[in-house]
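A.B. asks: Feature table excerpt (TrEMBL):
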| type | residues | note |
| --- | --- | --- |
| COMPBIAS | 464-475 | compositional bias 'Polar residues' |
| DOMAIN | 36-451 | domain 'Major facilitator superfamily (MFS) profile' |
| REGION | 455-490 | region 'Disordered' |
| TRANSMEM | 37-59 | transmembrane segment |
| TRANSMEM | 71-92 | transmembrane segment |
| TRANSMEM | 104-119 | transmembrane segment |
| TRANSMEM | 125-147 | transmembrane segment |
| TRANSMEM | 159-182 | transmembrane segment |
| TRANSMEM | 188-209 | transmembrane segment |
| TRANSMEM | 246-270 | transmembrane segment |
| TRANSMEM | 282-305 | transmembrane segment |
| TRANSMEM | 312-330 | transmembrane segment |
| TRANSMEM | 336-358 | transmembrane segment |
| TRANSMEM | 379-396 | transmembrane segment |
| TRANSMEM | 429-446 | transmembrane segment |
Amino acid sequence: MTGEKKKKKRINRSILLAKKIIIKDGGSPQGIGEPSVYHAVVVIFLEFFAWGLLTTPMLTVLRQTFPQHTFLMNGLIHGVKGLLSFLSAPLIGALSDVWGRKSFLLLTVFFTCAPIPLMKISPWWYFAVISMSGVFAVTFSVIFAYVADITQEHERSTAYGLVSATFAGSLVTSPAIGAYLSETYGDTLVVILATAIALLDICFILVAVPESLPEKMRPASWGAPISWEQADPFASLRKVGQDSTVLLICITVFLSYLPEAGQYSSFFLYLKQVIRFSSETVAAFIAVVGILSILAQTVVLGILMRSIGHKNTILLGLGFQILQLAWYGFGSQPWMMWAAGAVAAMSSITFPAISAIVSRNADPDQQGVVQGMITGIRGLCNGLGPALYGFVFYLFHVELSDTDGSDKGAKPNMANPTDESAIIPGPPFLFGACSVLLSLLVALFIPEHTGPGMRPGAYKKHSNGAQSHSHSPQGSGAEGKEPLLEDSSV
């Protein structure tokens, strides 16, 4: 008996020591205030604002470093980065489920922004590091898990919409500011400013962002080993095929985001060279579409979620995306691009709705894993999309190689400039529309809602003490689900 008492005392001392270590390392709500969606919003805004400033300098450095086959090299660089993100996102999400969100937010933002100062120091190292940074370029998966920790289920779609709208908001002004500063003061100042903003983001996470994952959701001991099953990224991928709902969602994400990722890589040059937008008009286009996207993902998304439910919101967003891509593909006049841009803003409601439905189907301590899977698939699309678009442009003899925009009145560089009318202005966008149409057909089979007893078995928690805890003040599972079930049944 004496031996058992001593053993219990040693265990209790170990648990107390582990708790002290957790609190010291950020387990308590260190930072400014309680964890909130606004902390996540600031982190996302600063990171992508810094990268938005580099839109113009990036095109210049890319062209100077790879004067031949520029878009092929661009696709290769983003392909390596996307593949690494695809493999690492589920792993980082799973680790954040165990060790907390704050440390992994710091890690992902630091390594995602690490290539920025290298743009002027060494372009070759810049492109090498930007490729390898894909291992940690998964901020969105950690951010969405952070939001899931601190919101109730019926609030989550609105919160995800706010985060996604912040991403669009960060691109409203940053490309225009970067282009102006680059033209007036040179690329060096833009790189310095973007580096300073990235450092500000890192400092904000260190000082102001509190840990969102409740202490009771963590291991009893900070030093507890993590099984390979928990850390294996391929284990998360195998779970996709084990549950039909998650599989359908992942296929929907892949087919819809693949053309979107390709569009991001080449659309600005397409506007300048084929549609003959000026640099100022391109910046204005980005700003207008960004503002409309913010309205769509905050105001319109909330109304649609409450009125027609998650699935129908996803279907509506995919429908807008098909219309947008078709308009880009057949459009040859500037006014058509502006009209298609307004439709593109409405299509931005798709991903927040998908993230919300995925989060609803996952257990509280598995939010990082499931969001990591979705982010990983988006990372794969970020690799394949630019290469796909560049290849299709090449097949149709549309060479996007003009980065200085000096010859604003020049005709598109095509194989046969005298026969422009016989060539579809934007062939990759039509391929993208077909891909999204397939995505829409797959999304039709996503269940309207998943009841408490129908959650994916792959996401069930291990039978341990943490199983009885909920990770946020949601009340019981049935009460937390009721608003969502009401939404889905409309």
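All positions are counted from 1 along the displayed chain.
Keep in mind that glycine also has a Cβ here, set from the backbone N, Cα and C atoms.
Annotations in TrEMBL come from automatic prediction, not curation.
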A.B. asks: State, in range form, which of 71-92, 125-147, 159-182, 312-330, 336-358 has the highest count of Cβ pairs under 8 Å to the transmembrane segment (37-59).
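C.D. replies: The stretch with the most contacts is 159-182.
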A.B. asks: What same-chain residues lie close to the transmembrane segment (312-330): Cβ under 8 Å, and 6 or more beyond its ends?
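C.D. replies: Cβ under 8 Å, 6 or more out: 252, 256, 259-260, 263, 267, 301, 304-305, 336-337, 339-341, 343-344, 346-350, 353-354, 357, 424-430, 432-433, 436-437, 439-440, 443-444, 446.
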A.B. asks: Where among 71-92, 104-119, 188-209, 336-358, 379-396 do we find the most Cβ pairs under 8 Å to the transmembrane segment (246-270)?
C.D. replies: 379-396
A.B. asks: Is the number of Cβ-Cβ pairs under 8 Å between the transmembrane segment (282-305) and the transmembrane segment (125-147) three or more, considering only pairs separated by 6 or more positions?
C.D. replies: no
A.B. asks: Output the single range from 104-119, 125-147, 188-209 maximising the number of Cβ pairs under 8 Å to the transmembrane segment (71-92).
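C.D. replies: It is 125-147, which has the most Cβ pairs under 8 Å.
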A.B. asks: Mind looking up the mean pLDDT for the domain 'Major facilitator superfamily (MFS) profile' (36-451) in the predicted model?
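C.D. replies: That region's mean pLDDT is 79.
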A.B. asks: Which sequence positions outside the transmembrane segment (429-446), separated from its termini by at least 6 residues, show Cβ-Cβ distances below 8 Å to it?
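C.D. replies: Residues packing against the transmembrane segment (429-446) from afar: 245, 248-249, 251-252, 254-256, 258-260, 262-263, 311, 314-315, 318-319, 321-322, 325-326, 328-330, 357, 388, 392.
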